[in-house]
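Inspection log for the structure reproduced underneath, given as structure tokens.
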Amino acid sequence: MAPPPTPAPPSQPSTDTASAAGRCPLCDKPTDAGYRPFCSKRCADVDLHRWLGEGYVLPGTTPADPDHWPTDDG
Ligand SMILES: [Zn+2]
């Protein structure tokens, strides 16, 4: 009784394509073509929020401490 023939292993993807795709600047994962230069929508959103957060303060105004923020109590 001869053992059944084993199927050939699937061809492994070449590592050359990975180097060309680049990596996510946030988590260092392989970049996704749909979210370049990020790896996923999550990382793209994180970076976007970073930009929005930095640009939230209008020019000419200084970021004040939360303790000094005006309140609606009065
Ligand atoms: Zn990422």
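Each residue, glycine too, has its Cβ placed from N, Cα and C.
All annotation found in TrEMBL is predicted automatically rather than curated by experts.
Per TrEMBL, the features are:
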type	residues	note
BINDING	C24, C27, C39, C43	Zn(2+) binding site
COMPBIAS	1-12	compositional bias 'Pro residues'
COMPBIAS	65-74	compositional bias 'Basic and acidic residues'
REGION	1-22	region 'Disordered'
REGION	55-74	region 'Disordered'
Any further residue of that chain within 8 Å (Cβ to the Cβ centroid of C24, C27, C39, C43) of the recorded Zn(2+) site: R23, P25, L26, D28, K29, T31, F38, S40, R42
Most crowded position, judged by CB atoms within 10 A, among C27, C43 as binding-site residues: C43
